[in-house]
Amino acid sequence: MRRSKGISLFLIAITVLVSVGAYAFLPDSIAIQFSGNNEPSNAAPKYIGLLIAPAVMIFFHVTKEMRSRGVHRANLLDTTVFFLLSQGVLACIQLFTIGYNLGLNLNISAYINILLGIVLIVIGNVLHRAVKGFGQGISNRWTLSNLTVWKKTHRVSSFIFIGAGVLPIALNVVRQPYLTSISAFILGASILLCYVSSYLFYLKYRNV
């Protein structure tokens, strides 16, 4: 717990220090959202644009202990991994955004899709360990009906999320156009597949 909070504080400090250091060199309005072809799609005053990520990171840091109270002991490590992953992703997004607005030639859309792929792969690697009835994992009327449906669903869903994470990274490597739209479709389809699989397992094992 102490080590994870220390890493979190380090990431927050780096994000804040870089933001403060870059503030004077940034234009009054900075790009904060990007389309699939790496063109800015939304902008904000720089004091707001630079505040969003650090504010969310600080909120996650302060509320970590409270959010961990209802977590089963077997999933505490996974919760910590997600916490640090969230902090790392937010820090990366902040640094990418600052670099782009300082004039660096950065493909923000590609980087975001790589981060999305990494997040999905991590989720896939820990999803099968989610303990039933503790607010984690795929909790619906079918998975909560019995332990067999829960385990089968989460085992299959782990593979689905890992595959969904590999695809955006692979498509990014081959410079697939419309990558952002494709990644959004992959994410939505993966979630839908997980729920469909839970229903199919429920039909098969509901009387177990």
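Just so you know, the numbers here start at 1 and follow the chain as drawn.
Backbone N, Cα and C atoms are what each Cβ position is placed from, and that goes for glycine too.
Look at TrEMBL and you will find 7-26 (among others) tagged as transmembrane segment.
Across the domain 'DUF1648' (11-58), the prediction's mean pLDDT works out to 92. If you look up TrEMBL, you'll see 11-58 marked as domain 'DUF1648'.
Taken from TrEMBL, the feature transmembrane segment applies to 46-63 (among others). With a cut-off of 8 Å between Cβ atoms, the residues of this chain six or more beyond the transmembrane segment (46-63) that come close are 5, 8-9, 11-12, 15-16, 19, 22-23, 26-30, 32, 83, 86-87, 90-91, 93-94, 97-98, 101.
The transmembrane segment annotation in TrEMBL covers 75-96 (among others). Within its own chain, the transmembrane segment (75-96) has Cβ neighbours under 8 Å at 1, 4, 7-8, 11-12, 14-15, 18-19, 50, 53-54, 56-57, 60-61, 64, 67-68, 106, 108, 111-112, 115, 118-119, 122-123, 126, 129-131, 134, 136, counting only residues six or more beyond its boundaries.
Summarising the annotation, TrEMBL assigns transmembrane segment to 108-127 (among others).
Here the transmembrane segment (156-174) has long-range neighbours at 110, 113-114, 116-125, 127-128, 138, 182-183, 186-187, 189-190, 193-194, 197, 201, meaning same-chain residues at least 6 beyond its ends whose C-beta is under 8 angstroms from one of its own. Per TrEMBL, the feature transmembrane segment maps to 156-174 (among others).
Tertiary proximity for the transmembrane segment (180-202) is limited to same-chain residues at least six positions away from its ends with a CB under 8 Å from its CB atoms, namely 35-36, 109, 112-113, 116-117, 120, 138, 140, 142-143, 145, 148-149, 152-153, 156-157, 160-161, 163-164, 167-168, 171. Positions annotated as transmembrane segment by TrEMBL: 180-202 (among others).
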Checklist outcome for this item: With the cut-off at Cβ under 8 Å and a gap of six or more residues from its ends, the chain residues touching the transmembrane segment (7-26) are 46-47, 50, 53-54, 57-58, 60-61, 64, 83-84, 87-88, 90-91, 94-95, 98, 101-102
Next on the checklist: When secondary structure is assigned with DSSP, how many helix, strand and coil residues does the domain 'DUF1648' (11-58) contain?
Outcome noted: 26 helix, 12 strand, 10 coil
